[in-house]
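A.B. asks: After the structure tokens below, expect a handful of questions from me.
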Ligand code: ADP
């Protein structure tokens with residue numbers, strides 16, 4: 001049963017043509033009605049032409065009128081869809097086509113239509129609508145272009161970081177070996193000489209740490225295909241790799257989640273978890289034995305990791321800052337580091353379509369959370 005207002009509207013349109021005029025003028029669409037038995041004849045509403053910059057009163061109701069100003073490749077696409085729609089009503093006659101506006105600019109039109117068929121199913125008329133989607137299409141094109149440029153710039157930057165850090169290693173290695181040589185013979189130096197050589201050796205080692213961290217940072221995302229990662233094995237291997245730091249700090253690392261196997265960029269994921277564990281061990285008071293607890297919760301669309309420590313904690317006002325490159329909260333005398341670790345983590349998480357955040361209590365500890373999409 002049709003709604004009574006719809007029925008009423010049908011009757012009104014039949015009895016009063018002004019109602020139809022109102023509908024076609026009020027709608028955002030241009031309307032067209034095509035005689036498929038005499039395909040040169042096509043009626044087009046005013047809006048059809050005003051959107052293209054033409055005076056509707058001066059335009060003939062002929063299919064040739066629009067076929068002359070539509071982009072010819074798009075006309076071919078429309079004809080192809082038209083033919084398919086005529087032989088198969090379920091194939092939609094619906095496409096975005098480009099028209100040339102009277103002022104020469106391009107107008108993007110979404111053009112849809114439905115064939116009206118006789119008793120035998122032969123299409124005899126076609127009724128359709130034109131919607132001007134130029135604004136949306138142009139913004140989309142602009143965004144795509146900006147994205148393309150951004151990606152290009154990002155790649156250039158990564159390349160630059162990689163090359164400079166790679167090339168810087170060589171002279172730095174020379175400085176390290178020669179200053180270490182001098183350090184080995186420092187009894188021949190006076191006090192100033194001894195102090196200077198100590199500073200050079202320390203600084204050049206710190207510089208090497210920076211360069212290695214930068215190199216690793218620029219390498220993120222090199223793996224193109226995800227692979228299966230067995231979490232239990234990953235944690236076991238990490239404990240072996242981190243044996244020295246675990247042993248020295250009397251730290252414990254426990255995984256309390258399920259024995260999951262997940263799809264991920266393995267090398268990047270290892271580095272991410274490793275960075276968070278090392279930070280959890282590093283940022284503790286000397287008298288505290290670090291306890292790291294790792295958990296993973298499985299959700300429908302993603303996995304949520306948590307890495308909890310019993311360290312010094314982080315003040316709320318620093319929650320965002322610490323994820324930026326080179327941002328550190330302590331002097332290097334208290335805790336050594338480059339300030340790249342967490343930005344590295346963030347980049348890896350984003351690569352996996354996830355997010356990273358934390359909760360923390362000063363003096364009690366911090367929990368870092370991150371998600372990895374399935
Ligand atoms: P780095 O450890 O090399 O300084 P990160 O980017 O890994 O660099 O960390 C940035 C800063 O965030 C650190 O300098 C430290 O102040 C703070 N931080 C990171 N992890 C923790 C943690 N688990 N507990 C307390 N502070 C932390």
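Residue numbers in this text run from 1 along the chain shown.
Quick reminder: no glycine exception, Cβ is built from N, Cα and C everywhere.
TrEMBL does not curate its annotations; it predicts them automatically.
Annotation comment: TrEMBL describes 93-145 as domain 'PAC'. Taken from TrEMBL, the feature coiled coil covers 136-163. Summarising the annotation, TrEMBL assigns domain 'Histidine kinase' to 163-374.
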A.B. asks: Using a Cβ-Cβ cut-off of under 8 Å, list the residues of the same chain that are 6+ residues beyond the ends of the coiled coil (136-163) and lie near it.
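C.D. replies: Hits for the coiled coil (136-163): 96, 108, 214-215, 217-219.
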A.B. asks: Give, as a single whole number between 0 and 100, the mean pLDDT over the domain 'Histidine kinase' (163-374).
C.D. replies: 91
